[in-house]
Amino acid sequence: MISSDAKVKIQNFGRFLSNMVMPNIGAFIAWGFITALFIPTGWVPNETLASLVGPMITYLLPLLIGYTGGKLAGGERGAVVGAITTMGVIVGTDIPMFMGAMIVGPMGGWAIKAFDKKIDGKVRSGFEMLVNNFSAGIIGMLCAIIAFFLIGPFVKVLSGALAAGVNFLVTAHLLPLTSIFVEPAKILFLNNAINHGIFSPLGIQQASETGQSIFFLIEANPGPGLGILLAYMVFGKGTARQTAGGATIIHFFGGIHEIYFPYILMNPRLILAAIAGGMTGVFTLTVFNAGLVSPASPGSIFAVLLMTNKGSILGVVCSIFAAAAVSFTVAALLMKAQTSTEQDGDKDALVKATSIMQEMKAGSKGQAAPTATQSKKIDMANVQSIIVACDAGMGSSAMGASMLRKKIQEVGLPVTVTNMAINSLPAHVDMVITHQDLTDRARQHAPNAEHISLNNFLDSALYNQLVTQLLAAKRQAANDSQLIKPSILAANDDRYEVQQPSVFQLQKENIHLGLNAKNKEEAIRFAGNKLVELGYVHPEYVDAMFEREKLVSTYLGESIAVPHGTVDAKDRVIKTGIVICQYPQGVAFSEDSGDVAKLVIGIAAKNDEHIQVITTITNALDDPNAIDKLTSTKDVSDVLSILATSQAA
């Protein structure tokens with residue numbers, strides 16, 4: 001079994017390769033569209049526009065990769081030197097230099113970074129610009145010459161050897177066997193390394209010669225994962241069955257393949273279904289001689305079809321659904337073959353199987369069974385920022401962060417939740433949540449954070465438990481009586497409810513109905529000015545409300561926004577209070593068309609009293625009728641009555 005250290009090193013290497021490709025995927029897609037549309041075998045052949053294909057694949061795409069690789073290794077100066085070096089390897093050969101760009105781009109960045117480190121503090125004042133500019137030019141020139149004479153020819157020979165190996169696999173009908181290695185590697189979060197580090201360079205080279213490539217769909221085929229998720233929908237139990245439907249939509253239409261990984265990790269025998277489906281998909285592609293014109297990212301059915309030329313549509317569609325059918329059949333047989341002991345009383349299959357899988361994996365490493373543990377204990381009352389991180393920082397972590405953010409917003413905790421790639425983790429974050437296979441890497445980038453490992457980014461139970469712990473710690477620290485009445489049972493624990501008197505009294509002058517505003521800035525300023533008029537804040541607090549809105553939208557959902565000042569502006573609060581501003585026509589609080597606030601509640605609170613202030617308002621969220629009444633009534637007495645009931649709850 002692969003060791004933890006080895007897996008982390010492989011993941012880091014793969015992540016580095018994919019980091020060179022992923023930021024430029026839009027350029028690959030643009031080239032793919034041009035190829036699919038305008039080449040002689042395209043949908044709308046056009047000789048003039050087809051002339052874009054050659055220069056883009058020869059110069060633009062490798063230069064972008066080299067620039068990005070240089071930036072990863074040596075910052076902005078490294079990016080420039082990386083691009084110069086890449087030009088050497090491009091001109092030194094007569095084939096597309098994607099693999100060469102992945103080598104020489106970081107090499108150029110590393111060279112200038114090493115030079116800068118060597119002369120740091122040794123350049124006389126006034127000569128910095130001269131040294132910086134000429135050093136980049138000279139080092140770039142030398143690296144380009146080396147790339148031209150040495151690295152370019154070497155990569156050409158290497159590419160030829162790889163092409164010969166690929167041709168052998170194709171002619172010997174052995175290409176489907178690659179799924180034996182690809183599918184398990186995907187589950188270990190090596191999918192980006194495989195797709196963008198191996199298959200994309202091979203695929204681009206093949207596509208430049210034949211107009212399409214099978215390599216773009218070996219890893220990106222959504223069929224194997226689709227079949228496994230469908231099997232869970234039919235034969236699964238408990239949470240696994242309940243969540244499989246939503247996961248299927250996200251996987252197949254959204255293209256986020258990581259969503260199905262936990263379903264295999266909880267039942268490792270299903271890797272056989274993924275392998276069988278993958279082999280079927282590759283075999284079908286070889287039979288139809290089908291492929292894509294460019295990488296499909298994300299691996300959505302829509303992205304795949306858009307990157308398919310008209311001659312391969314049938315083959316690509318058949319490969320996807322054939323792979324899904326085979327993986328579904330194998331997964332169904334494996335799931336039905338489970339013993340009755342495994343099935344009886346199993347009302348929460350996902351949680352139970354995940355626990356078993358954790359124990360098995362920990363036992364193989366000679367460790368105790370992993371749980372949602374932390375690498376470094378911190379005071380939960382001091383947690384202000386949580387980052388949900390994954391390999392690419394786009395798909396699975398974005399969903400997890402969205403789910404956790406909603407729960408935290410629902411209970412009014414002053415904690416920010418974001419998502420990002422592991423390699424981009426900042427050092428100052430309080431808490432990091434990752435898949436357990438990625439936690440070791442996350443610890444390297446954020447060693448001072450508290451790390452929580454999970455097996456499924458949609459693990460609602462774990463998020464509920466975390467919110468409960470944060471609530472308990474912050475209530476105890478601030479002696480708060482009532483935060484927002486939680487809409488999640490795990491966070492609604494009577495042990496933490498302590499009755500205390502309200503910190504403000506809502507009066508008619510606090511309520512303003514039937515307002516209109518052109519934008520959220522106008523609505524926020526109106527609320528801020530009313531806070532000033534009522535003697536709650538100093539005028540400077542209004543500017544702080546705009547500063548707070550720039551950080552993250554104060555729109556909570558359910559047609560409610562709660563603009564308030566920054567933490568630094570609390571000294572401009574005279575006393576705790578609120579103003580309720582009703583906008584029946586709504587005010588857009590973000591570019592999201594759904595974030596329209598009809599209640600804009602300006603808040604001013606001293607210390608941590610704002611949590612109690614929000615409580616009085618958001619207790620009404622449990623009653624949809626109350627929300628409708630608050631956003632449409634023309635009688636101030638209705639508002640006072642509803643909120644008085646909420647405050648007493």
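For all residues, glycine too, the Cβ spot is worked out from N, Cα and C.
Taken straight from Swiss-Prot:
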ACT_SITE  CYS390  active site, phosphocysteine intermediate
ACT_SITE  HIS564  active site, tele-phosphohistidine intermediate
DOMAIN    13-342  domain 'PTS EIIC type-2'
DOMAIN    384-475  domain 'PTS EIIB type-2'
DOMAIN    504-646  domain 'PTS EIIA type-2'
MOD_RES   CYS390  phosphocysteine
MOD_RES   HIS564  phosphohistidine
TRANSMEM  25-46  transmembrane segment
TRANSMEM  51-71  transmembrane segment
TRANSMEM  135-156  transmembrane segment
TRANSMEM  166-186  transmembrane segment
TRANSMEM  274-293  transmembrane segment
TRANSMEM  314-335  transmembrane segment
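Separating the Cα atoms of HIS564 (active site, tele-phosphohistidine intermediate) and CYS390 (active site, phosphocysteine intermediate) is a whole-number distance of 32 Å. Across the domain 'PTS EIIB type-2' (384-475), the DSSP tally of helix, strand and coil residues reads 41 helix, 22 strand, 29 coil.
Per-residue pLDDT, averaged across the domain 'PTS EIIC type-2' (13-342), gives 87. For CYS390 (active site, phosphocysteine intermediate), the number of other Cβ atoms no farther than 10 Å from its own Cβ, over all displayed protein chains, is 26. For HIS564 (active site, tele-phosphohistidine intermediate), the Cβ neighbour count at a 10 Å cut-off comes to 28, with all displayed protein chains included.
Secondary structure from DSSP puts HIS564 (active site, tele-phosphohistidine intermediate) in a beta strand.
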